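Novice: From TrEMBL, here are the annotated features:
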{"type": "TRANSMEM", "residues": "D:47-72", "note": "transmembrane segment"}
{"type": "TRANSMEM", "residues": "D:84-113", "note": "transmembrane segment"}
{"type": "TRANSMEM", "residues": "D:125-149", "note": "transmembrane segment"}
{"type": "TRANSMEM", "residues": "D:169-192", "note": "transmembrane segment"}
{"type": "TRANSMEM", "residues": "D:234-259", "note": "transmembrane segment"}
{"type": "TRANSMEM", "residues": "D:271-291", "note": "transmembrane segment"}
{"type": "TRANSMEM", "residues": "D:312-333", "note": "transmembrane segment"}
{"type": "TRANSMEM", "residues": "D:353-371", "note": "transmembrane segment"}
{"type": "TRANSMEM", "residues": "D:383-403", "note": "transmembrane segment"}
{"type": "TRANSMEM", "residues": "D:423-444", "note": "transmembrane segment"}
Amino acid sequence: MSMLPEKENQNQMSASEPGQRLTLEEVRAKLKGQTGKKYWRSLDELADKPEFGEMLSREFPQQASEWIDPVTRRGFLKLAGASMALAGVVGCTKQPDEPIYPYIKQPEDLVLGRPVYFATAHPFPMGALPLLVKSDAYRPIKLDGNPEHPMAHGSSDAMTQGTLLALYDPDRSQHILYRGETRNWPVFQAAFRGMLADKKASGGGQGLYFLSATVTSPTLAAQWKKAQASYPNAKFLQYEPVNRDSAYAASKQAFGDYLDAQYKLDQANVILALDAEFLSGIVHPGFNKLAGDWAAKRKLDGTDEMNRLYAVESWTTTTGLKAEHRLALRASEVGPFAAAILAQLNGGAAPAGYSWTDEQQKYLAALVKDLKANAGKSVVIPGEQQTPEVHLAAIAINQALGNAGKTVVYTETVNPMPSIQGDDLKTLIADLNAGKVDWLVIMNTNPVYGAPVDLDFITAMSKAKHTVHLGQYLDETGNVAEWHINGAHYLESWSDARSYDGTVSIIQPMIDPLYGGKSEHDILQQMLDDPDTSAYGAVRATWKQQLSAKGDYEFNWRKALHDGFLADTAFPAKSVAAKNIAVNVSAPAAADSIEVIFRPDLNLYDGRYANVGWLQELPRPVTNLSWDNAAMMSYGTLDKLKVEESDVIEISVNGSKVLAPVLAVPGHADNVITLTLGQGRRNAGRVGSGMGFNAYDARTSSAPLIAANAQVKKTGNKFEFAVTKSHYIDHRAMYAGGDGSGTHSLEGNETLTRGIIRYATLDEFRKDPDFAHQGEGHDAPEPDTSMFASYRYDKNAWGMSIDMNSCVGCNACIVSCYAENNIAVVGRHQVKVGRNMQWLRIDTYFEGDLAAPRAHFQPMACQHCENAPCEQVCPVGATVHTPEGLNTMVYNRCVGTRYCSNNCPYKVRRFNFLLYSDYETESLKLMRNPDVTVRSRGVMEKCSYCVQRISAAKIAADKGNRQVRDGEIVTACQQACPTSAITFGNINDRSSKVAKLKAQTRSYGVLEGNNTRPRTTYVAEVLNVNQELAAALGEGSPQQNG
Amino acid sequence: MPVREGTYGLLAEFDTPGELVRAAKAAYGSGWRRLDCYTPYPLEEAAEAIGFHRDEVSLVCLLGGLLGLAAMYGLETWISVWGYPLNIGGRPYYSWVAFMIPAYEWTILYAGLSAAFGMLAMCGLPSLYHPLFNAPNFRNGATNDKFFLCLEADDPKFVLDEARKFLEDQSPVSVVEVEY
Amino acid sequence: MAQIFDRSSNALARMSLVLTGLIVIALGVTLDQLQRSPWVTRQGQRAEQPVPFSHKHHVQGLGLQCQYCHTSVEKSSYAGIPPTKTCINCHAQIWTNADLLEPVRDSWATGKSIVWTKVHDLPDYVYFNHEIHVNKGIGCSSCHGRVDEMPIMYQQNTLQMEWCLNCHRNPGKNLRPTSQIYNMAWTEPSELKPVWCASTPDKDGVPTAQSVNCTMQEPAAGGQLASLSGAPVGLHAQMVSDAGGPPMPVSAVYTKYTSQEALGKFLVAQYHIRTPRELSSCEVCHR
Amino acid sequence: MATKDVKINDPMRDPVTGENRVIAPGHTLRSVTEKISRIVLTSHTPLGWFGGIMVASGVATLLAICVTWLFLRGVGIWGITQPVAWGFAIINFVWWIGIGHAGTLISAILLLFKQTWRNSINRFAEAMTLFAVVCAGMFPLIHVGRPWLGYWLFPYPNTMNVWPQFRSPLLWDVFAVSTYATISVVFWYIGLVPDFGTMRDRAKSKVGQYIYGMVSLGWRGSVRHWVRYETASLLLAGLATPLVLSVHTVISFDFAVALLPGWHTTIFPPYFVAGAIYSGFAMVITLAVPIRKFYHLEDMITIRHIENMGKVMLTTGLIVAYGYSMEVFMAWYSASHWEYFMMWNRMFGPMGWSYWVLITCNIALPQLLWLRAWRRSPSLMFLMSLIVNTGMWFERFVIVVTSLTRDYLPSSWGTYKATRWDYGTFVGTLGLFTVLFFLFIRFVPMIPMQEIKVLLPQSKVREEAEPLPEAGD
C-alpha cells in the first residue's frame, strides 16, 4: 500500500477514512499539559494511529517518510524520552543503581556467564535445517547449523538466522482471541472439543477442514493419521503460496509417485541449472548440501580440476551469476530449451514453434556436447519455480545421460503427506463456496494474504461457520478468523522435522513460550483419545518404536536430542525409472509480449519473515535492494517499455493489477518482469506492514509461476528505492578510461581496472598460477616500504582468507553477523540515505555488457589492515591495533568524528548517526549477545573479527595452558557460510588453514597497493570456462577483458 | 601599603609631537631621569628622547615559546611512548613527524601569550587608578591629540619650583602639578 | 576629567587577575579529584540492600568458603550471586524467625527473586572475567578488599580504568599462588613472612596452577608435600583433582621469596601471564 | 598610473604620484578621534542598526534551534551518510576558518610588510577573524557524534589513563584552531587597549567610562608603554604570520594526510592558504562596503583600500587557479588511475556541477578584477566578493563531498544530499556572525584610532624648516 509515493498514499488514506483527519492543532491539544515522560508516551500512542502518519505527510511532506518509518520513529521517540532523562546529567554521568535478580533455585547445570549449546532444527517447507543453538541463561542468542549433521555441516542461511529475531519479535501475537477479544486456551479447548465431540458422533468429521502449512513434521503426520481414524470425513489440506507443485506434478507423471530428487554435486563435473536457484538460499531444497558440494569441487586445493556450471534462467540469481556460462531466457522458453536439449540427446524432434537465436544455438550445442562428454557425471537441476515441463525435461535428460542413480537419486518426499497444494486450495475453496465447511482450522499459513487473487479466499472463508487461525502473528488471516490462537515459535515448542535428505531432527524448545503460544501439534492432539498429551509426548510417541529398536529408548532419545538428529534416518534412494517423460511444450508466446514471473523473496520467502527487521534490511543478492520489492526487468525491457528506474508502473495480468516500481537488473531476460512475493503485507507487524507492494495481487491460480501477456502502464509516479549500492552505467569514452560501449557498469569496469576483483579461466590459471599478481598495481609493496620500521606480530596474528571461488553471495554471513554482534536495524529511510549498519556486505560487481554480464561477489568487512589508515586519523585513539593485529574499535572511547570512516579505503565502518539500537523493547534485550556492547548514538562500529570469540578462546586456552588451536575460533560469518568461503585463524601458525590459503598463489589483498597490509585476503576466482563455447560466442578471457 | 600623599610630578602639555620631543630631550639632557612622555599614538622619538631604548618583551616571548615547545613535545612523547603506548595503524610510538605540529602550535601560543601578558606586566598594567588621571587636562588630551611630559617627584633633581620653571621654559600649553 | 576608579582598584584589578588564575587551577584540581572521589566511584558506599547480609559474619564468623555462594567464579566470567536456595539451606534451620530474613523467606515462598543492589558495578562496555583472574593468581581480596571484615558489603577500590591498568601494566605486584586465592588475609611476602614455592616444568594443556606449589611454612629439607600447610585449599585442590594431574613430586625444590617483587616475577613466568602490552590492549576489556 | 578618467584635482588622489590616498586629506588628530569614537559613544543608535541586529538575531536563532535539535537527535539529522561521513559541517568549518584568515593577514602580515594602508581596515578585519573563528570553531565540536565528550580531545589527566592520539590531523586542528583563536583574541585586544583608553576618556556616561576604563586597563599612553606595546604588537604579528599559515595548512592536512583520492595531495597546504586569504579578503569587502557607506567612512576606508583588496584577491585567486590546474595536471601526469578517475569524477561525475560552479566563481568571473574600473567600484567589488565566497564554499564542497562520494571501492560509492538542518545550521552561522559584527561596530571602535593617527602628517616630528607634507603616504 505505501509502496505508492507519499502523495498517493495520503489520498488513499484520507479516502478510506473521511472525517478522520488529524490536524496539527489537535495533536497539540492532545499533548497539551503533558510533560516529560508522559508527553512522549502520549506522542508515542498518537504516533501509532494511522491518522498521525497522514497528518505528518500533510504537514511535513518532505520529512514524513522519516517520521512514518517505524524504526526511525521508534528511535526518535525513545531518544527524545531518553534525552529528557539525560538532560541533567550529561557531562558527569553517574551510573544508576543496577539491581541483581538471583535465581530462587538455580538449575544445576547452569553456569551463568557461560553459554550452553543445544541441538534443534529449523523446520522449513523445503526441508528442515538442523541447528545448534547458543543459549545464554536459557535464552537462545545465536542460531547456527549443526556441524555434525550430514546435510549442513554447520552452515546455515539468511532466513534461518533471521528466525532468531522472529522469536523475540515484540509484534508477535500474544493472546488467544475470539472475535478480537482475549480468551484463554481452556476456553478454546472447550469450544473446540465440544465441536469435535459432535462431529465424531455424527458424520465422522464431515465439515471439519484443516488448512495447514506444508507439513514437515512426521509427528504431525502421525497425529493426523490417528485423527483420521476417528474422523474419516474431516479433511486435511495444505497450502503455501510457494510450494513444490511443479516438482511433485512432474514426479507423479514420470514415476507415478511423489518423489524428491537428491542431486549429488560431489559426483558431478557438469551442472546445468534450469532456473534453479540452488546456490541462492533455502528457497531451493537441499541448498546447504548442494552449495557445499558445488563449492568443494572448486577449491583447487591440490588439484587443478573443477566442475562447471551452466545456468539457463529468466531473472538474475546468484546461481546464474556464479555459472561459467549463463543464458538468459524468458521463463516460458526454459522448458522448450530443455526439451531442445533432450531432443538433441535423444535424437528426437525439437519442440515445435521455437526458434533459437544464433547465440542460443551455439550455447545449446556446446552444452549438449559437454553434457554428453560427461554422461553419468553431469546433472540437470530444474528450478522450483519453473513449470512441471521443466522438471519433467530434467528428469528425462538426467535419465538420458545416465545420471539417474549416480548424480541424481530419487527418494521419498520430505513432506510426509505430499500433495499438489494448488489443487488442495481449489478443493477447499470449492467446498467453502458450496457451504460444506463448518469449521475451518488454518494452521501457520496465511491464505488471506497469499492465496491467488482470482480465488477470492477471504469471501470463501467467510462462508465457513467457524474459523480458527493458528499463527505467530495476528496476520491478515488471523484478523478475519473467528478464533486466533497465538502460535509458538519453533524455538519454543516440541516438534520434529526432516532435512531434505530425510534425516530426522527432533525440534526441542530452547525457551518457554514467551507468550504461551501453541503449536499445530496441540491442535491436532485435541482430536485424539489423549487430548491433553503435550507436543513433547506426541513427538516422543512418534519415535519411540524406532529409537527402542536400537537399544535403550531413553538413551537413544537423549542422544538424538544431543546430536540434533537421528542417525541413519536419511531416505534411501529409490530405484525407480522414469516412465512417462514426454515433455509437452506449449506454443510459444508472442515474441515481444511481456510475461511476469513470481518468485519467493530471498529474504522474506512468501512473506512470513516480513516483520523480521534483519531480513527486511538485508540487501537482496544481485540487486542490493533493501526493504522494498520491485518490478525487476532488463535494461532492454526498460527501453522497450519506455520507463525508467524508479517509475511506478501498473502491471495487469489476467485482469489483476498491481502497482510496482521498476528496477533494472543486469542480465535479466528481456520481456520478462520478475515480481518477488512477500512484501506489501498489511498485518505483518510494525516493521513489515506497508513495505513494498503485494505481488500476490497479480497472481492467479491459473498462472502462479509464469503469467503471459502482461500489460504495463506508466503511472507517472516515482518511488525511491532503498538500494545499498550505487549502479551507474559507464558512459566514458575510451580515452577517459571507459570502454566506449555505454552498456557496461561503471563500478564493474573500475573494479577490474583497480584490481579489486582478479580472476582467470582455468586454462589461464594452469598456465600461470600466479595470475593474481600479474599486471600493473597487482602486487603489494614490500613489507618494509616505509620510513618507519614495521611492527612485529610475533605471537598470534589473526587473519582471514575469503575464497572468491566459493562465495555464492547468499547473505547467510551477514545475518549471522547481525545476530552475533547486536547490529541495529535502522529502517528504510536510513538505508535509503545510505546508513545501513551491516558490518559485512557482499559487494556485487557486474562485468561486461549489462545485458549479459559476468558477476563477482566479494564479501567485504573490515580488512584489519596492519597499517590501518583509520587508526592514524582518530583523534582520541578509539580505534587501535592490538598486539595480535586486530584493528579494534573501542566504542566507549569514540566521540564520533567519523574521520576513520572517511579514511577507510574499504568503507567498511558503520556509524550510529542516530540512536539505532533499541534500548527499550524488553523482548529484544533477551536476544542480545551479552558479550558484545550495544552501540549507542554517535559511535562508530565495524567488523571486529568477532573479538568476543577470540577473547573467549584465548581465556580458555590460557586457563588450559595451551595455544589457541586452529579452528577453535570461528567467526560468525565463517560459521554460517554454506560453501566454507571464509577461513579465519592465526597466520603466524604455518600449519593453520588460513596460513595455507594465504600462501596460495591466487591469494591477494584488495587495494594492497596502498600499503595498508590488510589481514583479510582473497583467493582469486578461477572459472572453468568452456573454451569452445567462449570462442564461439566471442567472449574474451578475463585477462583480455580486465 | 600606606597611601602615598603629595606631589606625583609636574605635567606639561604640548600641542605637537615636535615640541614634546624637544622638551623631553632638554629634560633628559639636563639630567632628569624619572620622567615620562604621554602621547596618543606611539612616538618613538619621545622614547628615544627620554633614553628608553630597549625592552625585554622579546626575551619573555622567546622564553615563553620555548616553554610551549618543550611542554607540548614532551607531553606528546611521554603519552605516546611511555604514558599509554598504543599501536596506531603500525605507526611508531615515537612519531616525531606528527608531534611537530601541535608542538609548533603551542610554541606560538605560549610565545604570543607571553609577549602580550609580559608586555602588560612590564607596563604595570592594569593600573586603573593613576595619579596622572588627577590632572585636569590629561585625560582630555593624552589619548586624543595632546602630548605630555611629566617630570616625576621621585627624581632626586625634583624641586617643584625649579621643575616648573624648567617646563615653562619649554613653551608648553600648560604646566600642572599632579597629586598622588 | 577626574579619576574614574578609586585608588584601591589597582590592587583589586591585579588581585582579581591572580584570583582568576587561581580559580582556574583550583577548578582543575577539584575536577581531577572529583572524578576519583567516592562520590563518583561509590567506593565505601553501603547500598541499601533488602537483607543486611554480613560477609563478615558468614566468612569470618562461620568460615564459609567464597565459592559456597559465588559458585561460578572459577569457571565463568560471572562469579555468581547465590540463589535463595543457598540461603535457605541453612536458614531453614537457623534464624528461622528473624525479621531480618523475612525477604529471604518471602522469596522462597513466593518464588520471586530477592532484589539486591549491585555493589561492584562495571559499565556495560567493560567485560571483566572472573575465571581467568582467579585461575592466574589474582585473589578475591586484591579487588574486593577484606570482604571478611565487611559487615555490609561495599566497594573497596575505584574500579576505574586507571585502577585496572595499574595491575594490567604490572601484574606481578598483585599475583599470589593460586592456592591462596581465597585467602582473605593474604599479604605480600616479606622477610618476616616469606613464601616458599616450587615448580615443575609445565606441560602444554596442563593448567599452570598445577606446576606451581607454594607454602607459607618452611618445607622440610628436600621438600615434602606432606609438610605443606595442611590440605591445599580451594582452587588448587580442585584443579589438581579436576585434571587428574600428578601431585607435586616429593623431591620438589622450594625457593624462598621474601618480597612481592620476586614472587611476582616468578609467578608471572610460571603462570604465563601475558605481557603488559598485551594486557593493556583495548580489546582485553572492551568489545 | 593616472589614466584618462582621473581628475587631477580629485582630493582622494595624491597629486604627485597619482596614487590613491589611504585617508582623505584634512583630518587632524582630533577629527580622527571624534569621527571614530562618535560611532560608538553616540547615545543615538541608528535605527538601521536595530533593524539589522534584529534580523541577524532571528537568523542566529535558527542556529540555536538547529543545534538543539542536533544535540537531541544526533548528527543523523544532517545529510551525512556512508560514504560521505563529512558534509556541511566540515565545509562550513573550513570556509569560516578560511574567511578568518584575511583578518590575521591584514593585521599581521601587512603590518610586518609595513603596508600602512591596512591600518584603517585591520580592526574590523580582525574582528571578522574572531567571529569567523567562533563560527568555525563551533563546527568541529557539534559535528561529532557525541559532542558531550568533546573534551576528550584535550590532554588532561583522567581516570582512564588514556590520552588523545597525536597522529591525527583532527587533533592538530584542535591545537591549531585553539591557538589561532587565542592569539587572535589577544592580538585584537592588545590592539584595542589604547583605543579603549581613548573611549574611556571620551565617554560621557558613567557606565561607559567604567567599562571602557576597565577594559583599557588604565592605559595612559606612556611612551615607555608604547615602546613595549609596539614590540609586543610586532612580535604578535610575527607569531601570527606563521600561525595563520600553519592553521590552514593544518586544516588542509585533514585532507592531505588522508588516503582518499582528491584529498591526498601535497599541493593542499599552499592552495588552502591562498584560498583562505582569497575568501577572507572577499569577506572583508562584503563587510567594508556597506559599513563605509552606512557610517560615512569613505574618507578612512577609501577606494584605495577597495582596490588594494581587489588586487590581493586577484593574486590569491590566481594562486588558487594554479592550484586547481595543478590538480588537473597531476591527475594526468601522475598516470595514477586513482587520481585520474578522481579528476574525471570531479568534473563529470554526478556531483560535477559543483566543480563547474567552483571554477566559474573562483576562476572565471574573478578575472574581471583585471579591470581597474571594476576594482574601483565598491558595488561591483561587493558583488565579486559574494561570488568569490560562494566559489570558495563550493571548493570545500567539491573537496569534501565529491571526493568522498566515489573513492577506492566502487561498491561503496554513494551520494550526498543535505537536509534542511544542514542549510539551517549554515545560514544560522551567518546570522551569528552578523550579530557579533553588529555588536562589534556598535560598542568597539571599528577603526584603530591610534593607527590612523600615525598616518596623519601632524603625527610626525618635524624640523622647523620642513614644510608640511601631504597626508597619506
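Even glycines carry a Cβ here, placed using N, Cα and C.
Automated prediction, rather than curation, is the source of TrEMBL annotations.
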Novice: Report yes or no: does the transmembrane segment (D:271-291) come within contact of the transmembrane segment (D:84-113), defined as 3 or more CB pairs under 8 Å with a sequence separation of 6 or more?
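Specialist: Counting Cβ pairs under 8 Å (6 or more apart in sequence), the transmembrane segment (D:271-291) reaches the transmembrane segment (D:84-113), since there are 3 or more.
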Novice: Take a look at D:84-113, D:125-149, D:234-259, D:312-333 and tell me which one has the most Cβ pairs under 8 Å to the transmembrane segment (D:47-72).
Specialist: D:125-149
Novice: Which one, D:353-371, D:383-403, D:423-444, has the most C-beta pairs under 8 Å toward the transmembrane segment (D:234-259)?
Specialist: D:383-403
Novice: Might you confirm whether the transmembrane segment (D:125-149) is in contact with the transmembrane segment (D:312-333), defined here as three or more C-beta pairs under 8 A between residues 6 or more apart in sequence?
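Specialist: Contact between the transmembrane segment (D:125-149) and the transmembrane segment (D:312-333): absent, because fewer than 3 Cβ pairs are under 8 Å.
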Novice: Hey, would you say the transmembrane segment (D:423-444) packs against the transmembrane segment (D:353-371), going by three or more CB pairs under 8 A that are 6+ residues apart?
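Specialist: Touching, no - the transmembrane segment (D:423-444) and the transmembrane segment (D:353-371) miss the threshold of 3 or more Cβ pairs under 8 Å.
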Novice: Looking only at residues six or more beyond either end of the transmembrane segment (D:84-113), which have a C-beta under 8 A from one in the stretch?
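Specialist: For the transmembrane segment (D:84-113), the nonlocal Cβ contacts are 75, 78, 121-122, 125-130, 132-133, 135-136, 139-140, 142-143, 177, 180, 184, 187-188, 191, 233-234, 236-238, 240-241, 243-244, 247-248, 251, 254, 272-273, 275-284, 389, 392-393, 396-397, 400-401, 404-405, 414-416, 418, 422-423, 425-426, 429, 433.
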